[in-house]
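The structure appears right after this line, and notes come after that.
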Amino acid sequence: MVLIRVIANLLILQVSYAQKSSELVVGGDECDINEHPFLAFLYSHGYFCGLTLINQEWVLTAAHCDRRFMRIYLGIHARSVANDDEVIRYPKEKFICPNKNMSDEKDKDIMLIRLNRPVKNSTHIAPISLPSNPPSVGSVCRVMGWGSITIPNDTYPDVPHCANINLVNDTVCRGAYKRFPAKSRTLCAGVLQGGKDTCVGDSGGPLICNGTFQGIVSWGGKVCARPRKPALYTKVFDYLPWIQSIIAGNKTATCPP
């Protein structure tokens, strides 16, 4: 596993500059090693994303993180040194909304993945519950991931970084982005004065509001952490019926329009 990690880290450094600046944690600090047992790391030939473990067999991420080959690390903190309970899994099944507009990666940016083998709860592996209610504007939200921690030049940390941001009204994001979709099941979150944001490498990771899993890192501005440029997160609550149907075995379930 050590050799795999060394090769993976070198590849990440080689290609990470080519990733879009819509996926990083800027303005944060190293996450506590015990605060993210639900956070997973997706790696594919130098490309990487975050994921969220929602039960022993299923993870959620962004649809635009989909790749042909994916290795999923659970129980991970430092990419260079494995935790004792760290495990690797692969997708057994992948589900993207069948009614998604595939020409628009912002549309229905959610993917449900069934792991090839279930994981067991341990010190650094445990699922987080799906939301029972949507979050309220003003909520304090936590973002986390292995994305770049500097702008405009990218610097990728060995360990995940965390930052607190705020859930703001959708009108802020609609005013900030000219191409904001007319129908968007997203959450708008950030720090209006700038300085903290998600961006390159954090796509697919969780948005935790008041301790509840509410969003999936989706997209944002070309340059991260700019004033009045919050990022967009897929609103997990709106997709609960689809998620629950797929897990229950209804593989033809569709997402809300």
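Keep in mind that glycine also has a Cβ here, set from the backbone N, Cα and C atoms.
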Among CYS188, CYS209, CYS224, find the residue that Swiss-Prot gives as the disulfide bond partner of CYS199. CYS224
Pick from CYS65, CYS97, CYS141: which cysteine does Swiss-Prot list as forming a disulfide with CYS255? CYS97
Recorded disulfide partner - CYS209, candidates CYS141, CYS162, CYS173, CYS188, source Swiss-Prot: CYS141
Quick check: of the recorded positions listed here (CYS65, ASP109, ASN121), which one has the Cα closest to that of CYS188 (disulfide bond)? ASP109
Which residues of the same chain, at least 6 positions away in sequence, have a Cβ lying under 8 Å from the Cβ of ASN169 (N-linked glycosylation site)? VAL137, CYS188
Among HIS64, ASP109, SER203, i.e. the active-site residues, the one with its Cα nearest that of ASN121 (N-linked glycosylation site) is SER203
Round to a whole number and give the Cα-to-Cα distance in Å for the pair CYS49 (disulfide bond) and ASP109 (active site, charge relay system). 13
Rounded Cα distance, in Å, between HIS64 (active site, charge relay system) and ASP109 (active site, charge relay system) is 6
In terms of Cα spacing, which of the recorded positions ASN101, ASP109, CYS162, CYS199, SER203 are within 10 angstroms of CYS65 (disulfide bond)? ASP109, SER203
